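Swiss-Prot has this to say about the protein:
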type	residues	note
BINDING	Glu170, Arg216, His448, Arg489	L-aspartate binding site
COMPBIAS	575-597	compositional bias 'Basic and acidic residues'
REGION	194-197	region 'Aspartate'
REGION	563-597	region 'Disordered'
SITE	His31	site 'Important for tRNA non-discrimination'
SITE	Gly80	site 'Important for tRNA non-discrimination'
Amino acid sequence: MLRTHLAGSLRSEHAGQTVTLTGWVARRRDHGGVIFIDLRDASGVSQAVFREGEAAEQAHRLRAEYCVRVTGVVEQRPDGNENPELPTGQIEVNVRELEVLNESAPLPFQLDEQPGEEARLKHRYLDLRREGPAHAIRLRSKVNAAAREVLARHEFVEVETPTLTKSTPEGARDFLVPARLQPGNFYALPQSPQLFKQLLMVGGIERYFQIARCYRDEDFRADRQPEFTQLDIEMSFVEQADVILLAEEILVALWKLIGYEIPTPIPHMTYAEAMRRFGSDKPDLRFGVEITECTEYFKNTPFRVFQAPYVGAVVMPGGASQPRRQLDAWQEWAKQRGAKGLAYVLVNEDGSLGGPVAKNLSDAEREGLAKHVGAEPGDCVFFAAGPAKAQRALLGAARGEIARKVGLIDENAWSFVWIVDAPLFEPADDATASGDVALGHSAWTAVHHAFTSPKPESLDTFDTDPGSALAYAYDIVCNGNEIGGGSIRIHRRDVQERVFKVMGIGEQEAQEKFGFLLDAFAYGAPPHGGIAFGWDRIVALLAGLDSIREVIAFPKTGGGVDPLTDAPAPITAQQRKEAGLDAKPEQAEVKKAEQAG
């Protein structure tokens, strides 16, 4: 080894010892001919001092981020010079020998400052030398180890599934990779290991896990990455409660890393209740504002806007004191979410109602409205009217915005909930409106994915009444973030084919796209289920960071660009020719048949 000790490990008990340290020059200070440097390595920082001799002469040329090796004697710092902010703040290293291992060019940004995102990603290798980014990456490693420890106790088998596979759409677009040896044919990068882990269950593995890389070619969305990581788990001969029990054990182990004990069992909430009360299937339960349904209350209203299939309200505590410009800003906020606006009523201090909506209501409606929605004098009541799903979603978003503006969220709190009994299917138009790819050609598509089993009570009727069918699925939500989702899977070919049929996938297409899975079900496929955790999001939550980019070693921008390597990039004409990108499908099929023959 080039060093005897880590820079961050030195303490008073090392005084008098000769040590060799390696690392980077974080700072250099010159005090009356005596040079001090903060020497940083992965473990922390130690102060090195150059007082005399050849090493002191050499130290004059040191600059920020020079990579160096120093040898010297550990000494107690003089009284009054201690640094209580550093674990090594009681000591310093009196350097006798200095070796510059590598010089550094002038820095594009100072590491003790907060540069812009573009600069950070362009020079990510420098960004990772900073304490925050480095801590996030090391925390991620500990998270991986903690999960593996739990799964090892339960005798799970870690299996690597293919990353070059067949295009089998799962709710987003595939990244495609040309097969050079079969021009015109393409591999797809997996959106998840879903089908392979089910095949592992058919293969008798019984308990599988993988820290899996996944790829989805999605349109631009805030804080999404085209490649991301899941902790993927599958188990044979289990029911929903078994998967949830294991998942909670893993979550408890992860949050212990930051000193928090998750109370278990984690409460359950049905999808229908979550949408009704919070307007979201991933509700943030750290604050208590809820949606109040007002459809029945306004059933005879003279106000045409509220003559709608659904009317709901959410209260903003103290919101009546907002100036007009802020109330106008709420309208713009709603329009950005596809709504026409956000109706509101102000509850005055004397209990009377103000605002443009109030004068359109009947006397009886005005009289009882504050009580009905739970508003107090000084509050503002926001309303949404129209189709229930869209209006609840708008009010759910308003609920979160209210909490942020009013300061209702305890940033140190953790709130977990399981969302269960989600619909098995949703209208295909709803999926495409939210930016997903609707699998199939029917009016219906899967809410989770096409391999989720119906609940037992929906098994006989899901294809005749798709809108009422419930999924045997469960999602885990933390502080308004979906951090994992799973389901009991379909393990019978006839049920899987019925699900495909509801989605408009006929027998021929099903065999073409998913025949390998359907064929496997014919050989005694066991009942099975599992869960996948969003690993990037979980690590970001544990690290107290808002963006998953902060916990990925080399992330891309929101638009899928890597400023470090300039990916994606054009390819040469020769590469294009070799990849067979311009080969026609019929030519590819002939070539494939020839090779098979």
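Start at 1 and count along the chain as shown; that gives each residue its number.
Cβ coordinates are placed from backbone N, Cα and C, and glycine is handled just like the others.
Locations of recorded Swiss-Prot features on the structure.
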| residue | record | DSSP (3 states) |
| --- | --- | --- |
| His31 | site 'Important for tRNA non-discrimination' | strand |
| Gly80 | site 'Important for tRNA non-discrimination' | coil |
| Arg216 | L-aspartate binding site | coil |
| His448 | L-aspartate binding site | coil |
| Arg489 | L-aspartate binding site | strand |
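The recorded positions considered are His31, His448, Arg489; of these, His31 has the fewest other C-beta atoms within 10 angstroms of its C-beta. Compared over the recorded positions Gly80, Arg216, the count of CB atoms lying within 10 A of a residue's CB peaks at Arg216. Each residue of the region 'Aspartate' (194-197) gets a DSSP state, and the totals for helix, strand and coil are 4 helix, 0 strand, 0 coil.
For the pair formed by His448 (L-aspartate binding site) and His31 (site 'Important for tRNA non-discrimination'), distance between Cα atoms is given as 64 Å, rounded to the nearest Å. For His31 (site 'Important for tRNA non-discrimination'), the nearest of the recorded positions Gly80, Arg216, Arg489 in terms of C-alpha separation is Gly80. Note: the Cα of Gly80 (site 'Important for tRNA non-discrimination') and the Cα of Arg216 (L-aspartate binding site) are spaced 57 Å from each other.
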